[in-house]
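Written out below as structure tokens is the structure these notes cover.
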Amino acid sequence: MKIGIIGAMEPEVAHLVESMENPSSTTIAGIEFVAGQLAGKDVVVTRSGIGKVTASIATTLLIEKYAPDAIINTGSAGGFADELAIGDIVISSEVRHHDVDVTAFGYEIGQMAQQPAAFIPDTALVTAAQKAVASLGEVKAIEGLICTGDSFICDPVRTKTMLEHFPTMAACEMEGAAIAQVCHQFDVPFVVIRSLSDNANNDSPVDFDEYLVKAGHHSALMVIALLEQL
């Protein structure tokens with residue numbers, strides 16, 4: 001089994017790459033892909049860059065060049081679930097775009113034309129992630145809706161609007177739904193696993209800078225624990 005692992009920023013993939021055996025690096029279109037072994041599995045780890053376009057490019061290249069059996073998106077996110085604190089983890093139950101609106105043509109808010117309203121992660125990957133939680137000690141993890149858009153959310157007015165549209169949203173970030181959409185197009189199983197770096201409020205920019213490394217490390221540990229369950 002070969003697993004593709006995608007993170008947007010260096011702190012989100014650094015621990016994974018450092019933990020790999022027999023790493024081999026290839027760069028395509030400015031995106032580095034590191035192949036090797038991690039937790040006894042063949043893996044390819046890539047840092048996609050921030051946002052939906054770069055995430056889509058990286059995912060497509062990963063699938064076309066390496067043909068992974070499944071893809072895990074790891075990294076940080078802003079939290080919306082009251083029971084979660086910075087450093088806690090959200091495992092995707094579904095993934096949606098929060099910044100898409102073609103409702104004029106009868107689609108749901110967040111649904112891209114000719115695409116499903118929500119992208120559903122692979123059941124086996126979600127189950128493996130749930131089992132992996134036990135190995136993380138004090139870190140809390142829940143399963144929930146993760147939403148994606150090309151904006152860093154720290155405006156209370158925008159947060160309120162997003163929660164009106166997606167009242168069950170547990171976390172938001174900037175790559176997951178794009179990765180999920182590409183996986184849907186290629187019929188590749190996926191799961192999104194995010195650790196909270198901030199709480200999507202006025203303090204988010206400060207919290208993000210301070211806690212990104214912590215969130216990235218927690219999410220990476222979760223990915224390694226998940227791989228051990230596969």
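All residue numbers here begin at 1 and follow the chain in the order shown.
Placement of Cβ uses the backbone N, Cα and C atoms for every residue, glycine included.
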Checking Swiss-Prot, the member of ILE57, ILE63, ILE153, ILE193 that binds substrate with GLY78, MET174, GLU175 is ILE153
Whole-number Å distance separating the Cα atoms of GLU12 (active site, proton acceptor) and GLU175 (substrate binding site) is 13
Counting only residues outside GLY78, ILE153, MET174, GLU175 in the same chain, those with C-beta within 8 angstroms of the substrate site's C-beta centroid are ALA77, THR148, GLY149, SER151, PHE152, CYS172, GLU173
Span of the recorded substrate site, as the biggest CA-CA distance among GLY78, ILE153, MET174, GLU175 in Å, is 13
